[in-house]
Amino acid sequence: MSYHRMTLSKFLLEQRKMGLIDPGLGSLINDIESACKYVAAAVSKGKLASHEVSVGVNVQGEEQKPLDVIANEIFLKICEQGDQLQGMVSEEMETPYIIPPEHRRGKYLLIYDPLDGSSNLDVNLTVGSIFSVLRAPEGEEQLEEKHFLRPGREQVAAGFTLYGPSVMFILTLGNGVNGFTLDREVGIFTLTHPNMQISPSTKEFAINASNERFWEPPVRRYVEECIKGKTGPRGKDFNMRWIASMVAEVYRILIRGGLFMYPRDTKDLSKPGRLRLLYEANPMGFIVEQAGGLISTGRESILDVVPKSLHQRIAVILGSKEEVELLNRYHKDYDSGKQEEFESPLFATRSLFRNL
Ligand SMILES: O=P(O)(O)OC[C@H]1O[C@](O)(COP(=O)(O)O)[C@@H](O)[C@@H]1O
Ligand SMILES: [Mg+2]
Ligand SMILES: [Mg+2]
């Protein structure tokens, strides 16, 4: 039983008492928490939850799963009724949802990925929801798309959930990262992972290696050196993971360190990365930096990027500080011409996994 632990509601109350958040933000996090519990219940029903939902192709051109649509609706309905928002942006909606006047009393904007890693639903692996909270503009008559296009540094809260063997809620309000586990029998999130910290060094990295031939030289150099292990320049053996579910990858990094990247590649030059800036990279970046890690494109901190569009994609490198710093250095070396070996046409045709 979990009754001796601090609940998420009590945690938010304490934050309010200490003057770290205002009551509106506390209520909004409570609404998001409720939405996540409903999504968790739907996800755990699997195919049983999926009937009678019409799915299509979302604005990214990706096929929606029924649970993407169900989770999106749950967030919309619960967070609108909570009266703390002016508007919402979601992976599953092309344009912002402006809260109708009768509920538009709040001071915040919510940006979310209702279900992350949804390609894992069919195989019953961990998925989650990701959210980012911004302050709504003051004194604006009309809320518009441009009001959501703000750098990640301006987030006032961010978090994600895991719908896995246990349901978890990871939260930052800008003063550290705390993890809560759902006690399913009583329906309450309780604080199980206070003050989460990412270790600065690691021996684990995560990348979708099937894209190897499209990687830029600095990324190839990094991965090659990790694979060489003890016999290479890193002088230690590395392990590799790829879950194809960013929420699960970031959680693993919060627990035991690591490096995760979906870097810029040449697969589709119209897309500067796979992951989305507003509802994947920014909230995860806020969490990772609050836990002592780093997030970068390889060339700049993601949290400083000024978004140009709602569904903008971006290169993501995040996790243990020393590894992200190393990758930043490799990008710098390459851009300044110092990484000559990797510019040679010979290297471009070599496979990291064949010729070691
Ligand atoms: O299938 P790939 O190319 O390995 O991509 C995996 C990545 O795509 C994502 O699933 C994208 O998220 P969505 O499921 O919300 O579209 C990430 O969670 C994950 O890191
Ligand atoms: Mg996602
Ligand atoms: Mg999604």
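The backbone N, Cα and C atoms fix where each Cβ goes, glycine too.
The feature domain 'Fructose-1-6-bisphosphatase class I N-terminal' is assigned by TrEMBL to 6-194.
Secondary structure from DSSP puts Leu115 (Mg(2+) 1 binding site) in a beta strand. Its own atom aside, the Cβ of Leu115 (Mg(2+) 1 binding site) has 30 Cβ atoms within 10 angstroms in the protein chains shown. Per TrEMBL, Mg(2+) 1 binding site is recorded for Glu91, Asp113, Leu115.
Marked as Mg(2+) 2 binding site by TrEMBL: Asp113, Asp116, Glu280. Around Asp116 (Mg(2+) 2 binding site), the same-chain residues six or more apart in sequence whose CB sits under 8 Å from its CB are Val127, Gly128, Ser129, Ile130, Phe160, Ser245, Met246, Val247, Glu280, listed in sequence order.
Asn208 (substrate binding site) counts 13 other C-beta atoms within 10 Å of its own C-beta, drawing on all protein chains shown. Annotated substrate binding site per TrEMBL: Asp116, Gly117, Ser118, Ser119, Asn208, in sequence order.
Taken from TrEMBL, the feature domain 'Fructose-1-6-bisphosphatase class 1 C-terminal' applies to 199-331.
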Ser119 (substrate binding site) and Asp113 (Mg(2+) 1 binding site), Cα-Cα, nearest whole angstrom: 14
Among Gly117, Ser118, Ser119, Asn208, the binding-site residues whose C-beta sits under 6 Å from ligand 3: Ser118
Residue pair Ser119 (substrate binding site), Glu91 (Mg(2+) 1 binding site) - Cα distance, angstrom, rounded: 14
Binding-site residues close to ligand 2 - of Asp113, Asp116, Ser118, Ser119, Glu280, only those whose C-beta is under 6 Å away: Asp113, Asp116, Glu280
